[in-house]
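Trainee: Mind having a look at this structure? Questions to follow.
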Amino acid sequence: MEFDTIAAISTPPGEGAIAIIRLSGPEAIQIADRIFYAKNSLSEAESHTIHYGHIKEDGEVIEEVMVTVMRAPRTFTREDVVEINAHGGIVSVNRVLQLLLRNGANLAEPGEFTKRAFLNGRIDLSQAEAVMDLIRAKTDRAMGVAIRQMDGNLSRLIRNLRQEILDALAQVEVNIDYPEYDDVEEMTQRMLLEKTELVRASVEQLLQTASQGKILREGLATAIIGRPNVGKSSLLNQLIQEEKAIVTDIAGTTRDIIEEYVNVRGVPLRLIDTAGIRETEDIVEKIGVERSRKALADADFILLVLNQNEELTVEDEALFEAAAGHNYVVVLNKTDLETKLDINRVRELAGENPIVSTSLVNDEGLEALEEAIKALFFAGDIDAGDATYVSNVRHIALLHQALEALNGVTTGIQLGMPVDIVQIDMTRAWDLLGEITGDSVQDELLDQLFNQFCLGK
C-alpha cells in the first residue's frame, strides 16, 4: 500500500527551544531536499543519519536546521521519514511547513502518521490507541500500562485467544465438510465447551482489570463536598500544592466549580472543588450549590469534608445520604481546634468508608489522606511487571460483547444445540476480539479513532 507524502508540525505550537516538522511518504526525502541546503544532498544520505544545513526560500535563508533522514521500512510509518529540527518559533516553523507543502507534500490529518503505521502493519490498532494513552498519561502507572500496550502485551493476548477460537472453528468446519473421514478428530460438544470455557475465563480475567485500567486512563472525577467554610478549597490547594482556590473565613466564598488534575500516590484524580452545599437565598450562590449537587451525583469518588470544631448538622447528615453508593473518604478538618463533632455518629454514618483527620492550616493529615485514597482504589501496587490492563472504553465494550457471544456458545451447548449452530456465536466472538487489534474493523471506525489524535502524530 502506497500513500502520498504528508507533512505536519509534530511539536506543540508556541515558542520553545526546538520545533519538529515531520514528513512521511514516498517523496519525503526528495521534497525535503528541494528546500534544504548543505554540503551533501539528503537524497544520497544513508538511513538514520542527521545533517546540518539551512532551509532557503528563493535564495533567502529562513532557518538553520538539523535534518534526520530515516528510510523505509525501519521507521514508525514504514515509509521514508524526514524530521526537520528547527528553532521553536511560530513564524519560521510555519514558513518551513508552507515551503514543504508548496514543494509537493500534503498537510497531514490528525493522527495520520500513526494511522499509516497501522495500515502498513507496523503496529496494530490497540498499539496505535496506546500511543495516545501514553501522551495523555497523568501518572507513572498510567504511563507503564500504555507502554506495555504499545509493546504488544494486549495484542499478543487477544491474538492467542482468537487463535484458540479459530482452531475450534476450523475443527468444526472439517467435521461438517468431511464427516466421512475417520482420521479427523470429531469436535464434540464437550470438547467445544472446554475450549469455550478457556477463552471465556481469559476474557473475564481481562475485564476484571477494566475498573483499575479505566481509573489510570481517565482519572477519577473527585468531588470535594461539604458545608460552607469547612476547608474544601484549602484541601484542593493542599492536594495540588498551589493556591488555585480562594480561601477566606467568609462562608460561601466558592461560588462555582473549580477543576484540577492531581496525581495522588499513583491515583489520577480530577478534583472538583464545589460550592458549599446549604440552603441560601443568594441567587449566584444558589446556582453554585446546584452545580455542586450535580458534581456530587456524577462523581466517581467523593471527599466529604466536615468541620471537627462544629457539631454535626442536618446538612452534614444529608451529605452522607447523597454520598451513599459512591466510594468516599470522610475528612475531619480543623483538628487544631476544639473537637465538638460527635465522632461516634460520624463513624456510624460513614460505615466502612475511611475517616481521616486533618489540620490543613498546619499541613497535618495529608499523607494519611493520600494513603487512604490509594488503598481504596489500588489494593497493592498495580505496577506489576508484565501485567496487562484494559483501560480503553472501546476495548472494554468489545470484550463485554465477546463474553456475551461466548456465553451464547455455552448456553447453546448446554441446551443440546448442534455444534454447527453454536459456531455462529463462536465466530462472532472471534470477530469482536479482532476489532480490538484491528484485524476486523471498518474504515469509518479507523477515521473516527485516528481523528482523536493530535496533528503531527
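Glycine residues also receive a Cβ, built from the backbone N, Cα and C atoms like all the rest.
Marked as K(+) binding site by Swiss-Prot on the basis of sequence analysis: ASN229, THR248, ILE250, THR253. Positions annotated as GTP binding site by Swiss-Prot, on the basis of sequence analysis: 229-234, 248-254, 273-276. Swiss-Prot lists SER233, THR254 with the feature Mg(2+) binding site, giving sequence analysis as the kind of evidence. The domain 'TrmE-type G' annotation in Swiss-Prot covers 219-378.
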Trainee: What does DSSP say about ASN229 (K(+) binding site): helix, strand or coil?
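Mentor: The residue in question, ASN229 (K(+) binding site), is coil (DSSP, three-state).
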Trainee: By a simple count of other Cβ atoms within 10 Å, which of ASN229, SER233, the binding-site residues in the record, is least packed?
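Mentor: So among ASN229, SER233, the binding-site residues given, the one with the fewest Cβ atoms within 10 Å is ASN229.
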Trainee: Roughly where does the domain 'TrmE-type G' (219-378) sit in mean pLDDT, to the nearest integer?
Mentor: 79
